[in-house]
């Protein structure tokens, strides 16, 4: 008589067998949680049970209306009537050998047909409470439902062959317990090969289970199997809503929740709703300043238990796994194995698409999604999908408002640890990214990448409308507004709209009178940084804009454009009163005051009025006696810059004003005008 096991023992034995577990995590949980009991009728039935539910599944007599199993003393009073018209075991096996799933329930046929008649060993029949759809992985169902004839199994004890492994197992259990299983290990003998396999798969403290891919250790076989699925990328659980497949049932459940439109958890403070209770709890902690989770080591408090656990790892001093190359220590052997590949340069995981190699299999899996476009991690709040779970977690903080990373210096919180690291360099002044061409250092790698484009001339951001290329994506976005005509930034004071936020900020200085940009040479202030840059060229003498016709240089591009109109004779600005044209709009504005008689600029000293501010400035020098413009050749000083320029032509010999009639040249425009009168008299 083979030894009988409770359902708990059977489950633990199944879980310990090496290789993929045929039970899903949900089924395993129900087995572990079930109390182990033996019904009083086990002597009659021959099978110990965990519950009445299992008793119904195992004992066929229990299922029949004429089976009295519920007497006061709970004894089994088995009826002896047996249906005489039952098919024989051979006929039933022949009818259902092709597909085990088609075998009817025991109670549907006869209350006296035993488990052994169906080729299922006593004590190994799956309880009814566990035979739910979804309790087995597709791989396990494939083993149970394999086609007849794929593999015939021999029984060593009899001249019998079986097409289904459960029938073979039943046959092998018929020999007596004096006949131990030929496999022996550690001095223990087993009647069933599955018992021996289960015994071999039980990990001990001396021999934990190790993942061959990453070196990570596990104390339980189900954990190892789950880890191996991560490396293989096997996806066995399919979502009925969208058809996506997942490697873990827990991830599938999360997927189901993302399809649910209901948001059951609503914040009473701000009204924001959440589908998941964990997201809701995290969000609520931000309304309260309470920090109930305190570190016993340093006393630091946190609003969330998960943040405390992460922090506590920083106090863990034990790192038993040390690198022989650099001495760096790790808490896990798997981390040491991955670290050692830095020294060896080993990259065993190669992408079959592009040949790129990686040190970690997880990095290869993430990289492969760049080729497939797969984004399996979806946000339950907004539906946005991501290729990596870490990116999803970072994104979800946008909805929850969680900022778990806090600066120790100023207390500023951040949602991402990378942002905290970048911010911390503000306090330390660290600039670890140095340009190999000019030596300039930067605090962020992205700033270095953008800077290097100055040396390479690279302009990777191209406008799809006009084809113009730019070094920075931000400049491209600003440029594209030219094509759309969009002006989203509007002044709240006067309603004027701008295409760029920077232009709006500069404009608002007109209303506030704010001039934040000061010249460190003379102290003059400006409302725009661009105006300050132009002004500073007065002190430096820089004139980067050169006329291609005469070689004259200018400090501003607008001044060059105006100058070029002297050569081409273009005068686009015409007075609507008298028709006189000008090459500058400012000259037209000044001229129009001749018609209006307007003189808005008044001297505070003598009260004289002027139509132009420049004329007033020049006039005021009469009262002050100031002569700020000095000739570098002879030292002579002048009150006006234009007079200095005319004077310098004495030293240079330049005569830019030519007479169109006779070709004579003059150093001053006024002298040319006087000369032209000679020709007009003629």
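Each residue, glycine too, has its Cβ placed from N, Cα and C.
According to Swiss-Prot, the compositional bias 'Basic and acidic residues' annotation covers 1-10.
Taken from Swiss-Prot, the feature SUMO2 cross-link covers 253. DSSP classifies residue 253 (SUMO2 cross-link) as helix under the three-state reduction. Taking a C-beta cut-off of under 8 Å and a sequence gap of six or more, residue 253 (SUMO2 cross-link) has no contacts in its own chain.
The N6-acetyllysine annotation in Swiss-Prot covers 487. Classification of residue 487 (N6-acetyllysine) by DSSP places it in coil, neither helical nor stranded.
For 1-43, the entry in Swiss-Prot reads region 'Disordered'.
Taken from Swiss-Prot, the feature region 'Necessary for transcription activation' applies to 62-210.
What Swiss-Prot lists as region 'Required for nuclear localization' is 268-393 (among others).
Sequence-distant contacts of the region 'Required for nuclear localization' (341-373) (same chain, at least 6 residues past either end, Cβ-Cβ under 8 Å): 213-214, 230-231, 233, 323, 325-326, 387-388. According to Swiss-Prot, the region 'Required for nuclear localization' annotation covers 341-373 (among others).
Sequence annotations record features per position, and here Swiss-Prot assigns region 'Required for nuclear localization' to 473-503 (among others). Predicted-model confidence for the region 'Required for nuclear localization' (473-503) is 85, expressed as mean pLDDT.
Feature annotation from Swiss-Prot assigns zinc finger to 209-231 (among others); the stated evidence is sequence analysis.
If you look up Swiss-Prot, you'll see 237-259 (among others) marked as zinc finger.
Residues or ranges marked as zinc finger by Swiss-Prot on the basis of sequence analysis: 293-315 (among others).
Residues or ranges marked as zinc finger in Swiss-Prot (evidence: sequence analysis): 321-343 (among others).
Annotation source Swiss-Prot lists zinc finger at 377-399 (among others).
The annotation zinc finger is assigned in Swiss-Prot to 405-427 (among others) on the grounds of sequence analysis. For the zinc finger (405-427), the list of distant contacts is 394, 397-398, 443-444: same-chain residues at least six beyond its ends, Cβ to Cβ under 8 Å.
DSSP places the residues of the zinc finger (433-455) in helix, strand and coil in these numbers: 11 helix, 4 strand, 8 coil. Among the features that Swiss-Prot reports, zinc finger is placed at 433-455 (among others).
According to Swiss-Prot, the feature zinc finger maps to 461-483 (among others).
Long-range contacts of the zinc finger (293-315) within the same chain: residues 282, 285-286, 402, 404, each at least 6 residues beyond the stretch ends and with a Cβ under 8 Å from a Cβ of the stretch.
Sequence-distant neighbours of the zinc finger (517-539) (same chain, 6+ residues past either end, Cβ-Cβ under 8 Å): 506, 509-510, 555-556. For the zinc finger (517-539), residue counts in helix, strand and coil come to 11 helix, 4 strand, 8 coil, using DSSP.
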